[in-house]
Amino acid sequence: MKDIDIGKEYIIPSPGYRSVRERTSTSGTHRDREDSKFRRTRPLECQDALETAARAEGLSLDASMHSQLRILDEEHPKGKYHHGLSALKPIRTTSKHQHPVDNAGLFSCMTFSWLSSLARVAHKKGELSMEDVWSLSKHESSDVNCRRLERLWQEELNEVGPDAASLRRVVWIFCRTRLILSIVCLMITQLAGFSGPAFMVKHLLEYTQATESNLQYSLLLVLGLLLTEIVRSWSLALTWALNYRTGVRLRGAILTMAFKKILKLKNIKEKSLGELINICSNDGQRMFEAAAVGSLLAGGPVVAILGMIYNVIILGPTGFLGSAVFILFYPAMMFASRLTAYFRRKCVAATDERVQKMNEVLTYIKFIKMYAWVKAFSQSVQKIREEERRILEKAGYFQSITVGVAPIVVVIASVVTFSVHMTLGFDLTAAQAFTVVTVFNSMTFALKVTPFSVKSLSEASVAVDRFKSLFLMEEVHMIKNKPASPHIKIEMKNATLAWDSSHSSIQNSPKLTPKMKKDKRASRGKKEKVRQLQRTEHQAVLAEQKGHLLLDSDERPSPEEEEGKHIHLGHLRLQRTLHSIDLEIQEGKLVGICGSVGSGKTSLISAILGQMTLLEGSIAISGTFAYVAQQAWILNATLRDNILFGKEYDEERYNSVLNSCCLRPDLAILPSSDLTEIGERGANLSGGQRQRISLARALYSDRSIYILDDPLSALDAHVGNHIFNSAIRKHLKSKTVLFVTHQLQYLVDCDEVIFMKEGCITERGTHEELMNLNGDYATIFNNLLLGETPPVEINSKKETSGSQKKSQDKGPKTGSVKKEKAVKPEEGQLVQLEEKGQGSVPWSVYGVYIQAAGGPLAFLVIMALFMLNVGSTAFSTWWLSYWIKQGSGNTTVTRGNETSVSDSMKDNPHMQYYASIYALSMAVMLILKAIRGVVFVKGTLRASSRLHDELFRRILRSPMKFFDTTPTGRILNRFSKDMDEVDVRLPFQAEMFIQNVILVFFCVGMIAGVFPWFLVAVGPLVILFSVLHIVSRVLIRELKRLDNITQSPFLSHITSSIQGLATIHAYNKGQEFLHRYQELLDDNQAPFFLFTCAMRWLAVRLDLISIALITTTGLMIVLMHGQIPPAYAGLAISYAVQLTGLFQFTVRLASETEARFTSVERINHYIKTLSLEAPARIKNKAPSPDWPQEGEVTFENAEMRYRENLPLVLKKVSFTIKPKEKIGIVGRTGSGKSSLGMALFRLVELSGGCIKIDGVRISDIGLADLRSKLSIIPQEPVLFSGTVRSNLDPFNQYTEDQIWDALERTHMKECIAQLPLKLESEVMENGDNFSVGERQLLCIARALLRHCKILILDEATAAMDTETDLLIQETIREAFADCTMLTIAHRLHTVLGSDRIMVLAQGQVVEFDTPSVLLSNDSSRFYAMFAAAENKVAVKG
């Protein structure tokens, strides 16, 4: 097996799919065919995109699966258009496809009749479930379409290279054939829509002016009008049918391609999690809309040209004027649409930032509550929201202009044309005037769809840029080199590695230069420039590997140079982290890796996993990986699925793994044993349980190389010891194991120990050899003294099964607990299913929205403005008909001595009067339009902002149990997708809907005014309409709801996959995660596609009603020949023609607007149903400002359970902690240690008893008053995106000197001082640009600053090496000498110095005394734990 040489020639991969090019010394020779499955082909010989993707994942391809997947339209034996052409048969009798859309003939496609069966089911049942909905057609499946799009993108990259590659061009090629066809259908629509008014209506009106009646001729005209309208309606439906399928294919393809790319990324640091979620939710939607609506733009110019030619023929040169108005308005509307899109683009950036911030808040909500920082975070989100609102308002004004212009343009064009026409002395008849008005009306179609089209295309253009930047990000390197000797598993020769430009981990000691990050406040424009610079910088790095871009600590330029030249490029620098690493790891060896915080331990592991950039030397690997990350990654799935991780269930191996990882006692108390569902990020597990499940996953995977990154730090001492012996030493005996740890006692048993310092391996050998060497390792080991004291509990089995009664987290997202005994399996479900609304959107939801917009009065004002607006438009058309009627035979003129009756309008002596009022109506209309636009935008924005603020307030004030049972993806969905609907789409649709409803009523009213008998015909049509509406309403609403609830799972899948990227890479599970994603996406696409089709299904049927109305009007004109003035006949027919498209559009808007209101309903559901914590502050009950002065803590019969119906986790706990006392709290996982903290912070309210601090009952005071006086250093360090300063002091309460002092005492001053912007340096999302140890030190600095009287330490030094640990313990002792301190410990040596030790078991205090008393009693539990530990140190030390 030959491999890619990653030696001196190793390069940073070029962006895109060609990220690891073959570089061989024998460049001309071609590799053997059978070797190809482990490498990527040369770009020019690129085969199927799936193979390329599979190779990137390092997967072999099963031939049968491969051939099965290659059945694409292109490879169909009858040609790639076979499926499409078979749809041209008018009616198809065979039903060989599973989805009815694939069996539909042309007639069924045009009328969407294939959907009728689902409409019947929906009507019958009153609701729809996923079982009722057809799964997606194979032609729309994301898998098939993604491979096609991927192939086209690959070809584009090969032809022009990544920089010049155009994703727009690729998307166009992907959709080209179908879009061209849809444009052809659109042309037919436009021609039919134009010829109806231009020819049929004109002849009908001329017939009304004629004196003789000719019934046969006139009925033929009505029939002609009927046929042109049917052709117009059905060809338009066919356009939509084509566009929707194209859109669904494009959305599925590009979203799958995006996720595929995310799975292959080294890291996602260039993009925030919020941005990736937005790309995969909103941007996918934008692509669909562009494909669905974008092509309608082509219809505009055609109608404009036809209309202009026709008007000139009818009116002469003045006909140009009206068309000129249209032509001028067209670019004006385009400009307004472009401006809307420009503001939308700015808005998207603000939304990204808000969603990212929300994601952070939700992830660390427990910590935010504990620190009483809710207000600070609330203000930061509100600040971003204010900026977003400002941009939304500007976008809203321009959007309102584009929405309201279409009906006005007809009036303006008519006024200008007819006024000038008459002023110039030309005559005007009713036939001429109303034919021109009717043609103008048909021309408004172009103006109506223009805002939609331009908006969708502009937004898609932004989305395409975001997708392209994602597709060009660098991929992970799967190291393919094999070591020379078969017995060596990992070989590194003189390897120098760096975190590349997009990675952020500092991962080096404070003495090394931490990576510079750009100042977050730099403008967005600068960010784009930097991204472009980044690509050129890549080449610069290659050319200059030892140059100034790769600075070591001793090569740093002066601060002045730094500032001038490098600050804006800070994040582009490759930060050398590992230097000249020489390492050979033999097969079957257990290798321990240790070193101080930031010495490069995690970097070494990342290098082996291919996540760093190799600058010099080589790396060779032989074997497959299992990886246990420092912070365990848990899926939202059952506990068993988390361990199996896609492998077959083997009972014997599975049971052996459970025993090795001490998981049996945990299973005994979980509601459904190993079938219990685990919440997102392991929300309902303790830190120790998460770590053990992660370890069990590694053991079960049966790989050859095991990489364990500090896996025992979160475990109780005796559990850790058992796992080290049974899992790592015994279970993995024949495997190669890299074991990173801070717990030095385990290194005694390792075959080899590697000691790291400042990114170098400084000592290496067995434990004995390193002790004899008397170097850094020996010094630290001797300093340990008693060392870690992990006991092997004497009666471990009996003890563990009895003592572990609950499991709950000490990490940032937790607070759940399990039952004491096995219960009904359904109780194993922690995460509740998402609620799905029933029936129609209740009126109360509309009421809530109206109330939020300003109440009933504001609503009435807005409605009155709409009425006046549409009324002024209708008035101007009526005035024209009145003017024509007055000029038709009512005027007497004198020629010479003769007086005669003239029917010419130009002879009317009051022409000036009529013309003035006609022109004035236009001015009034424009003023009303402007007022209405401003008032409407203000109202809807006030509504959405109030809903957002109230939702946000409710979420922040919800108790912890809500966050434990609700996936973050679901809550985020409210703030991203639902908020996007309420902010942007709902106002857009509601404005058009209200305007059109009023217009429909005016149309029917005008026609009925001319022909009262018309109302008789309207009756049956109203009944037909009601039936249609009842049926379609259920169908459309239910499909929209299904679309909403299938959206959350695939967003949650993206979130969780991104968080576990390193684990997915290590286990090579990319393909499985991709398949799961495709399933979830297709599950969402199925109801989404049917929802869009259901709209058109309704539209086609409504068109038949409006065609019936126009035919009725035509028949009335024919049958009442000579009884009504031609001017009024013209008025009636012009409104009837206007009604055709308008009617179905309005009803569709009604359904769509109701569907958009489901987002308001979902937001309102949270606002109404979420229970709230106690108030932050309670008037008249606030404690004194200097409370607590002493720090005495008293528990009196305290009882607590996490949620209703769950067992107690604290049972009648009573004790008193004296002021300034230092208490160590020990006990098995689930004994209730962290529950004490939860009770003290009131994250969970007590079920009985009380807690007092300095005699004040904490349940009587406000939460903020309580929590701001307590401090906690959590087990898992929490840093927020922002600056170092904002992380330490979000309220700006402390001086710079105080902050530097806190950093100095936590040994972080040097590290922060070396950052270019010092305290203002950027902290990335999750604190990813600091190592875990450094994050923990910053958390301790934060607690030092707060300096509260009561401090809880939740095993705060678990992620630190022993040396730093000892220093920090000393700092804490000194700094908090006058504080009451509770230390929740896993490692016994951390609590030996405590004044008293509390031993917990099963939620009760079983021992509470000084360490000396407990150790002198040989029957105490603490003694048993300590004796075992003492024994181990004595033997091993």
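Each position is counted from 1, following the chain as shown.
Placed from the backbone N, Cα and C atoms, the Cβ positions cover glycine too.
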Among T513, T966, residue with annotation phosphothreonine (source: Swiss-Prot): T513
From the candidates S509, S558, S1184, the one which Swiss-Prot records as phosphoserine: S509
Listed range which Swiss-Prot flags as transmembrane segment, given the options 104-124, 608-628: 608-628
Chain residues outside the transmembrane segment (848-868) and at least six past its termini with a C-beta under 8 angstroms from it: 928, 931-932, 935-936, 939-940, 942-944, 946-947, 994-995, 998, 1157, 1160, 1164
Most Cβ neighbours inside 10 Å, all chains, among the binding-site residues S596, S599, T602, S1231, S1234: S1234
Between S1234 (ATP 2 binding site) and S596 (ATP 1 binding site): CA-CA distance (Å): 28
Positions whose Cβ lies under 8 angstroms from the transmembrane segment (917-937), at least six residues beyond its ends: 393, 396-397, 400-401, 404, 408, 411-412, 415, 418-419, 861-862, 865-866, 868-869, 872-873, 875-876, 879-880, 883, 987, 991
Intrachain residues whose Cβ lies under 8 Å of the transmembrane segment (219-239), provided they are six or more past its termini: 109-112, 182, 185-186, 188-189, 192-193, 195-196, 199-201, 203-204, 207, 295-296, 1096, 1099-1100, 1103-1104, 1107, 1110-1111, 1114-1115, 1118, 1140
Assigned conformation of K1233 (ATP 2 binding site) - DSSP reduced to three states: helix
Rounded inter-Cα distance in Å - G1232 (ATP 2 binding site), V597 (ATP 1 binding site): 30
Alpha-carbon distance [G1230 (ATP 2 binding site); V597 (ATP 1 binding site)] in Å: 29
Non-local residues, at least 6 beyond the ends, that sit with Cβ under 8 Å of the transmembrane segment (400-420): 311, 315, 318-319, 321-323, 325-326, 329, 332-333, 336-337, 340, 428, 433, 436-437, 440-441, 443-444, 447-448, 450-451, 455, 869-870, 873, 876-877, 880, 915, 918-919, 921-922, 925-926, 929, 932-934, 936-937, 988, 991-992, 995, 999
Around the Cβ of G595 (ATP 1 binding site), the count of other Cβ atoms that are within 10 Å: 27
Lowest local Cβ density (other Cβ within 10 Å) among binding-site residues: G598, G1227, G1230: G1227
Three-state secondary structure, which DSSP defines for G595 (ATP 1 binding site): strand
